[in-house]
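*Asks:* As listed in TrEMBL for this protein:
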ACT_SITE  GLU398  active site, proton donor
ACT_SITE  GLU592  active site, proton acceptor
COMPBIAS  1-15  compositional bias 'Pro residues'
COMPBIAS  22-50  compositional bias 'Low complexity'
COMPBIAS  52-64  compositional bias 'Basic and acidic residues'
DOMAIN    50-200  domain 'BES1/BZR1 plant transcription factor N-terminal'
REGION    1-67  region 'Disordered'
Amino acid sequence: MESQPQPQPQPQPQPRRPRGFAATAAAAAASVSPTGAPSGSAGASTASSGKGKREREKEKERTKLRERHRRAITSRMLAGLRQYGNFPLPARADMNDVLAALAREAGWTVEPDGTTYRHSPPPQHQQHLGAFSVRSGESPLSATSLKNCSVKATLDCQQPVVRIDGSLSPASLDSVVIAERDTRSEKYPSTSPINSVECLEADQLIQDVHSTEHDNDFTGTQYVPVYVKLSTGVINNFCQLADPDDVRQELSYMNSLNVDGVIVDCWWGIVECWNPQKYVWSGYRELFNYIREFKMKIQVVMAFHEYGRTDSADVLISLPNWILEIGKENQDIFFTDREGRRTTEFLSWGIDKERVLNGRTGVEVYFDFMRSFRTEFDDLFAEGLISAVEIGLGPSGELRYPSFSERMGWRYPGIGEFQCYDKYLQQHLREAAKLRGHSFWARGPDNAGHYNSRPHETGFFCERGDYDSYYGRFFLHWYAQALMDHADTVLSLANLAFEETKIIVKIPAVYWWYKTSSHAAELTAGYNNPTNQDGYSPVFEVLKKHSVTVKFVCYGLQICSYENDEAFADPEGLSWQVLNSAWDRGLKVAGENTLSCYDREGCLRIIETAKPRNDPDRRHFSFFVYQQPSPLVQGVICLPDLDYFIKCMHAGDITGDLVP
């Protein structure tokens with residue numbers, strides 16, 4: 001009988017070679033014998049495993065940094081498209097939304113399901129300016145055609161700058177869009193000729209458009225009141241009006257600019273200087289009478305901090321003398337660093353509920369001062385002349401610890417030092433550690449560096465440092481909670497003293513080291529805002545409880561380049577986080593400039609931030625505070641064209657009257 005043919009064996013598929021972490025795990029498994037004993041030396045196997053783990057951790061950190069950088073680029077792209085290109089992008093746009101918007105700008109039709117087609121070429125007469133110059137092989141613009149041609153002429157005679165080549169794949173388009181240049185470091189005067197297509201950057205074109213023919217673009221936008229802060233020293237240390245004639249002249253100039261009101265600092269160190277609960281308001285009464293003549297609103301600041309102990313300060317206002325006398329006997333009423341050095345900028349929050357100030361607690365002292373002001377100027381509150389009260393909650397009136405004291409030797413961009421080593425805050429820390437069940441955590445970190453350290457130089461703030469350990473998270477939570485408890489307690493009493501009056505709280509802009517994982521400078525200031533959590537949300541939840549207005553210093557609006565800053569600063573990223581976190585919680589937000597000078601482009605950036613025209617929720621600042629380094633009557637004005645700035649904030653046509 002003929003034998004049946006034997007079936008041929010089927011070829012087995014080749015197993016896939018493991019890659020990445022799987023390859024590391026397979027290699028580790030292969031190094032173990034079937035009996036479970038490591039093949040070869042046990043010490044070598046352990047060392048190899050440890051090395052592999054460290055490599056994996058490093059790769060994770062590198063991946064996080066790349067992702068953070070990618071998100072930062074994406075956020076800037078979206079902000080530019082909304083701000084300068086009038087692109088109707090959703091609040092949480094992704095790359096698909098960007099591609100669709102650019103495609104529609106180039107004349108394509110994009111369906112909701114992603115189907116993209118073109119009916120006809122884009123109209124040749126279109127003059128709309130896009131946000132980015134996406135250059136392709138068929139772009140009609142060339143260096144020859146643009147040479148010696150002004151921007152305005154280019155806009156009048158050329159096709160749109162934003163064009164997309166139909167042959168570009170999504171991947172190649174993505175690479176073109178993301179490859180952006182730092183335009184802030186390339187100053188472009190509006191009168192200069194354009195010599196090449198590379199000159200057509202969005203910020204440059206927008207600046208030229210504003211300066212030539214679109215000066216009234218803010219007509220019809222939201223009206224943002226502008227307040228000017230009176231210079232420090234207008235009231236001397238004896239609570240007298242220093243120079244009435246200069247004050248009247250300055251107020252007259254402000255009134256001519258249609259300023260809505262003025263900001264007046266009411267200094268605790270002046271009013272209650274010599275004896276507890278002996279308040280002298282005479283100089284402020286005279287000043288308020290002058291302001292009343294010009295019919296301007298007043299915002300007062302309850303200034304409980306020290307002012308002027310720096311080399312550049314020409315005025316010195318200390319805490320009340322009777323407080324300093326108590327401090328000589330009990331130095332723990334002041335904030336203290338790890339080496340035991342005290343700062344007299346502000347009273348420690350550790351005595352908020354300790355009766356160490358001649359029988360009163362810290363918050364009782366603040367409340368008595370606020371109540372005295374409210375009683376003394378009841379008539380101005382009744383008239384509505386005093387429209388708001390700002391509560392000073394820390395150094396410089398900001399809600400933060402005095403971690404950046406120049407008297408202690410701090411210089412930018414130092415990380416600062418934790419300020420929790422007075423005996424009262426240390427007692428609170430011991431109680432918190434005991435409640436947590438780890439009494440040995442009742443200490444401040446011993447590897448956090450000094451005032452001028454960099455994060456990578458410390459064991460606490462470096463990459464994967466102790467800030468992210470169990471102890472580090474406990475300490476930073478307690479440190480930030482002390483800040484929030486102080487704000488909560490003082491604001492409760494402020495609402496009691498100033499019922500039915502708008503309350504304002506000033507939030508600091510600690511923008512240096514923002515691009516690092518630890519955000520070291522923010523941590524020492526009291527904001528637990530590393531990359532793995534949001535440190536501003538819990539603070540704003542406390543402020544929302546008291547219905548306050550958040551005032552934020554707009555550092556990010558300066559015309560400076562921080563891209564190559566060795567401090568890894570990101571003022572724009574910080575502003576985005578703070579402003580949106582406050583707005584998302586329904587808080588009103590106000591802005592304030594720094595003392596640094598701004599040019600016309602800086603004015604426009606401030607206005608765009610104060611009331612972004614493409615925000616679908618139409619969110620905007622409730623008011624803006626202009627700080628001056630010296631009296632306006634001396635002719636030293638930081639914003640070169642303050643009249644233009646105010647009219648734009650007021651939503652006015654600069655060629656006509658203001659919008660009512």
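Backbone N, Cα and C atoms are what each Cβ position is placed from, and that goes for glycine too.
Just so you know, TrEMBL annotations never went through curation; they're auto-generated.
How about a rundown of where these features are and what they're close to?
*Replies:* Within the same chain, the residues at least 6 positions away from GLU398 (active site, proton donor) whose Cβ sits under 8 Å from its Cβ are LYS506, ILE507, PRO508, VAL553, listed in sequence order.
Residue environment of GLU592 (active site, proton acceptor) contains 19 other Cβ atoms, counted within 10 Å of its Cβ in all protein chains.
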*Asks:* Per-residue pLDDT averaged over the domain 'BES1/BZR1 plant transcription factor N-terminal' (50-200) comes to what?
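*Replies:* Value for the domain 'BES1/BZR1 plant transcription factor N-terminal' (50-200), mean pLDDT as a whole number: 55.
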*Asks:* Residue counts in helix (H, G, I), strand (E, B) and coil for the compositional bias 'Basic and acidic residues' (52-64), per DSSP?
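*Replies:* Here the numbers are 13 helix, 0 strand, 0 coil.
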